[in-house]
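Engineer: Supplied in structure tokens, the structure appears directly below.
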Amino acid sequence: MTQGPRYIRHFHDWIAATESPSTSTEMQWTDTMSGMISLPLLTIMQIVQYFQYLETREITHSQFVEEIRIGGAQGYCGGLLPAAAIAASRNEDEVVHNAGIALRLALAIGAYAELGDDENIPGPTTVVLRTKYSGQAEEIVSKFPGTYISAITDPETISIVGPVNVVEELRAYAEGQGIKATKLHLRGKVHNPENKDLCKEFINLCHKYPSMLMLPTAASLQTSLRSNKTGKELRSSATTASLSIEVLENTLANKCEWYNLLNGMAKDLDAISRTEKEHTFALFGTGRKNCVPTMPFEEKQLRISKLDIVTYVEKHDIPREGRTLDQYPENAIAIVGAGCRLPGANSIDELWEILSAGSSRVEKLRSSRFDLSTVSRGSVGPDAKQTAKRELYGNFLDDVESFDSNFFGISPREAMYMDPQQRLLLETAYEALDGSGYLRTHRRGDFDNVGCFIGASYTEYLENTSSYNPTAYTATGTIRAFQSGRISYHFGWSGPSEVIDTACSASLVAVNRACKAIQSGECPMALAGGVNIITGVNNYFDLGKAGFLSTTGQCKPFDETADGYCRADGVGLVALKSLRQAVADGNNVMGVIMGVGTNQGGLSPAITVPYYRAQISLFKNVLNQSGLKSGQISYVEAHGTGTQVGDPIEISSVREVFGGSDRSEFVNMGSLKANVGHSETAAGIGSLMKVLAMLKHGKIPPLAGFKSLNPKIPALEPDYLRIPTELQDWNSSFRAACVNSYGAAGSNSALICGEAPIVTAMTDVLPTDTNMHETSHLQYPLFLSATNNFTLKANASKLAQYVLKNQPRVADVAYTLYHRRKHHRVQWTGLAHDLESLVRSLDKIEEGLEVPASPKSVVLAFSGQSKQTIGLDPSWYVSFPRLRHYIDLCNKIVIRLGYSTILPAVFATDPVEDVVALQCGTFAFQYACAKCWIDSGLEVKAAVGHSFGELTAMAVTETLSLEDALHLVAARATLVQTKWGSERGTMLAIEATLDTTRQIITVVNENIEIACYNGQKSHVLVGTERSIGQVEHLIATDNRFKGTRNTRVKTSHGFHSVFTEPILPELDEIAQKLEFNAPSIPLETSTEKPINEGEHAVEPSRIVQHTRTPVYFGDAISRLEERLGPCIWLEAGSDSPIIPMVKRATHNPSQHTFLGLKAKDIARPIDVIPQASLTLWQEGMSVSCFDGFYSHPPNGVTSNVFNHIWLPPYQFQRTRHWLQYMDLVTEERKTVDERLRSAGAVGTIASQPQTPPLKLVTARSRDSESWSSLEFAIHSETSRFTDIVSAHAVRDQPLCPASMYMECVVMAAQMVEPSVSVKSLSFQNLSFQGALGINYNRDVSLLMEGDGEYLAWNFTVRSTGKESKGRPTTHAKGRFSVTSHIDFQLYERMLADRMNEILVHPQSERLMAGRAYTLFSRVVNYAESLRGISEITILNNRHAVAEVCRPKVSVSSSESTAVAVCDTVTLDTFIQVVGLLINSSETCPVDEVFIATGIDSIIMQDCDFSDPQHDTWKVYAMATTRSESHVAGDMFVFTKDGKLIFTGSGVQFSRFPIAKLEKVLEGIGMNSAPRSPIGNDGIGKGVTAPPSPTTQFHMNGHAKSTPNRHGLRVRTTVEMDEQTLVAQDSVSRRPSALKSAMIRNDSNLGTLGLDSLSKLEFVNQLRAQLGNEISPTQDLSQIADLYNKLFAHSSTTNSRSAHIDHVHKIELDGPSSPTAVNSPVTAGDSQSKLRIRQRILELITENSGESVSTIKDEVSLQDVGIDSLSVIELKESFEDAFSVQFGDWDFGLHLTVRELVDYVVISSNV
């Protein structure tokens, strides 16, 4: 066989090659038909495919074997070798070993089969015939001697083997008979009976070399393997022979009966799994996937599918090369953080949901931005008709009107005048920086050199602000330069801050500018991106007129139907830094900018047309910077606006640089604009966000809406360009994309963004947590923080959703939350070991803790030797690498010093007899724990040790080096072991005073010493065994000492006594040789007097003293307590008595935190460390066991152990700050129309009597163009309304329940869309304002304004008097929407067990209906028609489970169409449960009640209240106390079968005194005839801005004149709605809200906050300002007393008080409906100054953001945050509110609140 050695050499060279062989060389030998090549290659290929398959599926060999337990691993012909290797292996290692044997067998089989073959004769030795009938193959073979049937694939597919020339003749004959004949790529006589003798010879060879050639026996088979000869299972055979024998005989000499094998398999599958009829074949090999005919299985009615492994692996697992750091350009820039707001997406994660679904966010223009019907521009002139008909489209962000002004320290008033672009930039800047980890250590005062570059152009909000009078905030809020300046100012940066305007390319140009600034050293870090928020209409008109905008809706990039772009909102910012710095800092690198640049298309045919040559040049430039070849760019994110001119030009540029027939893979192209529109100046950054999302998920999304290629664009496929139409894997060896963006003025920008470099991760960090897989139970400390509890819960909820969906590692989540996110004052901590426990913990968060502003001092406490074991739990040593390092380090030093190892001893549970091992081991454990805490970042203020522990403390504080300390401990222990006397000494701890202790010693009269003075009543005695026994006897028998607690100290020797003296001389010699240093941490020695501090605080003599003299531990603790104040006493080590000893020694234990670590006798000792971390966090300490215990030494490379990952951004608590656009021309037209109407030019329609309506709600009017603006009438005279309201009496006043408003809204929505009834119904932000009763003299209206989403409205319920058209009273507001079905299964599973726990809890209290409603009657009296609670079970005043039934007395439902899905009665009974829970709790005093004031969210679905079978529900309610007067409730409603149909979250209750509530309800007049409202005293000139952006609390007062004691008629307010009560009782906790107080005549001055001193000051001020003689000693305890005294004097001295000639309007409303409380400010009005002060505080709050409750009279305006701009605005506000004028010198930052009050009061009386 001359060819044999040559073929083997080919294999050797191929396997050994360090470089790939040339293609021609490889093709030469792999094309050879020789079995010596084909069979080994087949074995290699199939084994490799097998491992690729396992890797792709992320399963193990044993898991796969279990999956194929029935079907097994079967091999056809040569495939039997790898099949046997796999089937006989228990794990991957055995597969590799057996594959090696199979490979040798394959080579040998090929060699034996080719014996005597002439390689010079070309052609195969095997041919496959597709015969026409059974037996035809036998007929043909009989005609050609020397040929044999080698394999039967199926009855008609037969393989024939024979000599080359004979086989060729046979093939020609068969084809002549019309039979298809296929040559096999194989030479050699396989499956040939002529080989029987050769086969025996081969088998003998195998026996000679069993380790190389013998596979395991059939007994080793882990799954089914069948014989190619018989088709039967080999596993069931009795043979003990090697599988190699079976393979050799089948392959060399026997016919392959494959079809029989399949028949046997089908029979067994049918018999074994009769219930499972579907099976899959995983097919490995070269492409002969037709070798598994389905006929045998179909006969058994089995359904077979085939999985081509080659295709499967290629599809799922393209080899990922990745790149190491050194393979990136030297100046590459890392993207380490990102924040975005794009239509429908508030984060990159939400953006991916839109991209992957290929969805579009286009919609018609939102009326909330501006109402086109009110816009005058374009309404006249030649284009008026066209403008009126044109439909405007856009892609909009939600809630741009709102902003978390408190979070950013901006006053509400200033926020209202800020362009929403500035506000959103602040939010996204925070998110990008927080995600990058920058904010974790950021301090504004550091003046960091960080750059800020913003791409922006439009300032459309200027159209809104220009509708109002100018303010000091308008310029700073709308000038473009402040978009970057605002960010830099907020964070206190010194780096360059620039706004860049290049039109649509601006944001990517800003990124280029940032990259260049970092690369040039101008700044080490930068924030870059862009913004575009649509708030004005004029750009729509201008761009539309210029032909830019699509008339049909969304952008359609590259599509035949492209007709222009669709405008969009968008904001995006990325945090950038040098790639090498980012990797060094352990940042989460989201993507790498490998090349970036800009240029200009100055030679374009028109200024708005892109120039292809400029784009080509730019692409080549950035490609060259990246160091990549064009073929390595596999995705291009195009500008792609969807224009007929721009798209073809851009494609041609891409084709020129990145396309070409020589590419090895397609380059996909897309454009974000197809999903979210064209965000103009933010378009480029939006495209970059898309690429970052693609890199994160490793997929390429479809181009949304793409149908057919624009005919102007030549075919893409010839140049390997492709537009994806479905979601696909990004299967490139290195993922890199080009992002392109060009501006309408010719400015181009592009960049290359690649994936992050490979960072080698450490995989042996925690042996118990192999590779950190979440299957382990290692606990991780969780840390979540926010500025308040609302955002804390929102952050937790968002994080839980993300974790459930994305399944990150718990370790990475915990690490990122603590190490890479900013810490806020409200914090929550918890533990989790897996995702389930993580989500469970997050879902349970109710409120956080406010960390102490000044954390306590930390003291490390080291115990003495209190036992004869060390007690290190082995799990600590195994699980905490850094702890292990320090113990190992100590052990190495001990061994180096010549002593035995300490490692067995540290774990021992039995007493350690070797004193050296005991004490060195104790030292090592204490030292390791202390060092780990210090490495964790714990700031230790002092260390103290008891007895032996002081030696460890010396090492930890670096008083002694570690080696010196261990030398001392080991040598000392050796002396103890060798030099100690015969009496070891015994120690006894007693709890007695020093006098009692000394008395005991005197009575015993033995040589007993006090070894330890541990505290005032804690001492340790030392003596001989006999003498200590006498002490114990004395205490037990002598009545003087009986009851004195005592216990033996389990120490090896009696230290601090005369027993130590034999070792002292040599110990002193040792000490003198040690080097003592000044401690790096203050060391408090346990001495009677403190050791003088100095360069060497501890002298060598201390060592002998320490051993011989007593331990004055109590004195040391007292000194520390006096010096440091409240402390955290932390044990160094575990399971020692040190912390209880410290606690007993402190004078005031309640001031301290005692943190002892108990690991013994608990189920999970390793939980002690993360639990201790939580305690330290709760105390405000900055400490991380990630850096300490969990990390590897010496530098704690946690970045390679715990990954900094992307997590959902901070959830802001936004409130509305918005100036609505007003067209001044339109407003003027309205004024003219009103004047004409007043002059009689417009007739009036006489009121006609109306017949009672048939329905509760009827349509009244709607917008002429759409259903976006609707008005309905709510008919309060219907029987349904009156019956329900009459049944719902709050303190005997019939009031409309909240659920009635909801039913009316749903009924109205049904008129718009009948399908509302089968959808999920959602109510948000319900607020209840003016109460609504039964009053037939009032018109009740329902207004519904569309908010831009389909079937979503903002609604208002209000009423006006029928006779007088005064100001309407608002009763309720909220948002209603119809949504798709929501999956409640998670809630159902979570709450089912919780409800059962409450029902069976021993502390639960169960109330039946009668008792429940009796309790409730103090708040609400319910008639039978509203009594649905049959029983309720309450636990701890916080949880309740109630059974609710349909009330027995029914209410008419014929007047409503919404009863089935939103029944007022049923919903009210649900809400009653949470109301009863809250009002029956101990937090509600008997003279006060909790009233519902709003609901955050209600979701209902699958409700059918009209079905008689649905008459019982189970309601779970829980209450959370927000403050003393504010409680929030949540409720969940389940059907009888456990289905969740209703959720209500954030039901807000506020507490009111019953007397006050009754007086208010009596005064509101909603159940009686209305009074005439007060009109405004003056008419404003022009249009003024809203006075406040705060929450609106109305005092809709009807005024009446009442005589005072002087006969004067004074105007007083008698009607107040419920929201006024909220303002008084709960709003004081809202920094931006009103702080108005109800001051009644019977109000006590003390309750108003006036103590004896302030009352004296108050009276003196009144006397000085009003000229009244009021004695400070007079009893003026109530307002009435003060009022009477004032008027008694003023009736004779102040004639002006008899005239109401100066009325001040004090505005208490927000922007939507200014309402005035008209109060005469005169010297005779006793309450005027208080009202003026209150209003002054409100104005200061509006302009500073400071809470009213924190503003004191003596503070200046500057002290409360008023700056040079806001003082101008504040001055104008004062002048408007109080009708006074200030000179410039009168109003400045120096003024105090008291001075302002005095000024206004004096001015008012002039």
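Glycine is treated like the rest: Cβ placed from N, Cα and C.
Swiss-Prot feature annotations, pasted as is:
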{"type": "DOMAIN", "residues": "330-755", "note": "domain 'Ketosynthase family 3 (KS3)'"}
{"type": "ACT_SITE", "residues": "C504", "note": "active site, for beta-ketoacyl synthase activity"}
{"type": "ACT_SITE", "residues": "H639", "note": "active site, for beta-ketoacyl synthase activity"}
{"type": "ACT_SITE", "residues": "H678", "note": "active site, for beta-ketoacyl synthase activity"}
{"type": "REGION", "residues": "860-1156", "note": "region 'Malonyl-CoA:ACP transacylase (MAT) domain'"}
{"type": "ACT_SITE", "residues": "S947", "note": "active site, for acyl/malonyl transferase activity"}
{"type": "REGION", "residues": "1249-1558", "note": "region 'Product template (PT) domain'"}
{"type": "REGION", "residues": "1249-1383", "note": "region 'N-terminal hotdog fold'"}
{"type": "REGION", "residues": "1404-1558", "note": "region 'C-terminal hotdog fold'"}
{"type": "ACT_SITE", "residues": "D1468", "note": "active site, proton donor"}
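Are these features on the surface or tucked inside, and what touches them?
Structural biologist: With a 10 A radius on its CB, C504 (active site, for beta-ketoacyl synthase activity) counts 28 other CB atoms from all the protein chains. In this structure, C504 (active site, for beta-ketoacyl synthase activity) is part of a beta strand by DSSP.
For H639 (active site, for beta-ketoacyl synthase activity), applying a Cβ distance below 8 Å and a minimum sequence separation of six or more within one chain yields C504, P610, G646, E650, S671, A683, S687, N740, S741, Y742.
Cβ neighbour count for H678 (active site, for beta-ketoacyl synthase activity): 32 (other Cβ atoms within 10 Å of its Cβ, all protein chains included).
In the three-state DSSP classification, S947 (active site, for acyl/malonyl transferase activity) falls within coil.
The secondary structure of D1468 (active site, proton donor), as reduced to three states from DSSP, is helical. There are 24 other Cβ atoms within 10 Å of the Cβ belonging to D1468 (active site, proton donor).
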Engineer: In sequence order, which residues at least six apart in the same chain have a CB under 8 Å from the CB of S947 (active site, for acyl/malonyl transferase activity)?
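Structural biologist: In sequence order, G864, Q865, C1012, F1055, H1056, S1086, V1111 meet the Cβ cut-off.
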Engineer: Counting by DSSP, what is the helix, strand and coil composition of the region 'N-terminal hotdog fold' (1249-1383)?
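Structural biologist: Summed by class, the stretch gives 28 helix, 56 strand, 51 coil.
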Engineer: Per-residue pLDDT averaged over the domain 'Ketosynthase family 3 (KS3)' (330-755) comes to what?
Structural biologist: 94
Engineer: Can you tell me the three-state DSSP label for H639 (active site, for beta-ketoacyl synthase activity)?
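Structural biologist: Where H639 (active site, for beta-ketoacyl synthase activity) sits, the three-state DSSP reduction gives coil.
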Engineer: Whole-number Å only: compute the distance from the Cα of D1468 (active site, proton donor) to the Cα of H678 (active site, for beta-ketoacyl synthase activity).
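Structural biologist: It is 46 Å, counting Cα to Cα.
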